[in-house]
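Annotated in TrEMBL:
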{"type": "TRANSMEM", "residues": "85-102", "note": "transmembrane segment"}
{"type": "TRANSMEM", "residues": "114-135", "note": "transmembrane segment"}
{"type": "TRANSMEM", "residues": "189-215", "note": "transmembrane segment"}
{"type": "TRANSMEM", "residues": "235-254", "note": "transmembrane segment"}
{"type": "TRANSMEM", "residues": "261-282", "note": "transmembrane segment"}
{"type": "TRANSMEM", "residues": "288-306", "note": "transmembrane segment"}
{"type": "TRANSMEM", "residues": "327-349", "note": "transmembrane segment"}
{"type": "TRANSMEM", "residues": "369-389", "note": "transmembrane segment"}
{"type": "TRANSMEM", "residues": "410-433", "note": "transmembrane segment"}
Amino acid sequence: MAGSVSLRLLLPAPRHSQTLTLTLTPPFSPYIKPQNPSFLCFRKPRPTKSQQNLKTKENRSPKPINLPFLSPFSRFLDRIKGDGIGLEILSIALPAVLALAADPIASLVDTAFVGHLGSVELAAVGVSVSVFNLVSKLFNVPLLNVTTSFVAEQQALDSNANSDADGGDKTVRLVDGERRKFLPTVSTSLALAAGIGMFEAIALALGSGALMNIMGIPVDSPMRTPAEQFLSLRAYGAPPIVIALAAQGTFRGFMDTKTPLYAVGVGNLLNAILDPILIFILGLGVSGAAIATVISEYLIAFILLWKLNRKVILISPNIINNGIIRYLKSGALLIGRTVAVLLTMTLATSMAAREGPVPMAGHQICLQVWLAVSLLNDALALAGQALLASEYTKKNYGQARLIVCRVLQIGAIAGVTLAVILFFGFGTFSFIFTSDPEVLAIARSGVLSLFLSRSMQLLL
């Protein structure tokens, strides 16, 4: 049969009502051509000449360059964009990096300014900062981590239908019309922070001489006097540091990392402004660096408490009944981990101090740079803790496993990237700390150790 038969059919589909043309061409194979191109055809029509020419031009166009060594990173980025968990982790971790940097960045700024006073002053500040970290961070880091997990857990309970039966959050309406949450976990954390901060301040102020002896700094050492001056003044900043960390843990439990970032940014800006004024213009030396740091730490704590007071009732009469024992039990293992880390750093500082002011000054530069870049570890850990506490409370165990995988993947990539930046860029920015060639030579000799430690630290 040489001809063809065409039939026009009307399909009464409710959402795709349209007229179709059924063409029967020898050997009568059916082909349906809809008026709506989105409708599925029985047989794909042959492309026209213009379409064939367009396809030929597309084939002739240059293909994108394929770099094999970048394919794992591109696949990883696709996974992050696909499930959204990686983006959620980064949205919490990246602001937390700067928010956690209050004390390390303040110490780094002090190191940069004090380094221009001389190698003796720089070494003295290095010893004092190491002792301060040993005493203060012994309880500070566990308190921060436990607070983040507990607040995130309580927030997840509050989102469940049975939160009232499980002891969830309650909202209290105040006289001025504001509504604030009643969280016994927050009150307990702040009470512990105040007590721990006072204990640390007394121990550092009264025991500065004994602590210098433990570090191997004799009385006749040129580092002894400036080191004791710096440590005694920094002791007054211990209470606001601990309270600010407890408040930061609460905000991170709320998945809010922007408020701590704002507070820390304002405080560190004030510290950077006061340092040259007190150290050089007023001639206070290392004492001026300590005073500037303490003032900035009180400002950070004030901003965080002011912001937190607008969301949560800070003082609760149920502090003893609602969690101190729970905090102590949960923080015991973290205290052991913190002791191991701090004792290692303190031992290294003590050995460098026994070698003299110049080796100690070089060690101080390496240590402060290492502490500053290691903040990403804590930021990733806090993001993972907040998300894991929420998912485990909701019994979403599959989602929790996926969060762990994403944290490890982000940590591995970030660790290698930071290690490469340190290895190739350390020599460039090391001049901001001191102009002493001997100190710079010692500091640069530790670049390989920084490179290797950064490569593995984010996985741990």
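Glycine too: its Cβ is placed from the backbone N, Cα and C atoms.
Please treat TrEMBL annotations as automatic predictions, because they have not gone through curation.
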In contact by Cβ distance (the transmembrane segment (114-135), the transmembrane segment (327-349); 3 or more pairs under 8 Å): yes
Cβ pairs under 8 Å between the transmembrane segment (369-389) and the transmembrane segment (288-306), at least three: no
For the transmembrane segment (189-215): best-contacting stretch of 114-135, 235-254, 261-282, by Cβ pairs under 8 Å: 235-254
Long-range Cβ neighbours of the transmembrane segment (235-254) (under 8 Å; 6 or more residues past either end): 92, 96, 99-100, 102-103, 132, 135-136, 139-140, 143-152, 154-155, 183, 186, 189-190, 192-194, 196-198, 200-205, 208, 260, 263, 293-294, 297-298, 300-302, 304-305, 307-308, 311-312, 382-383, 386, 389
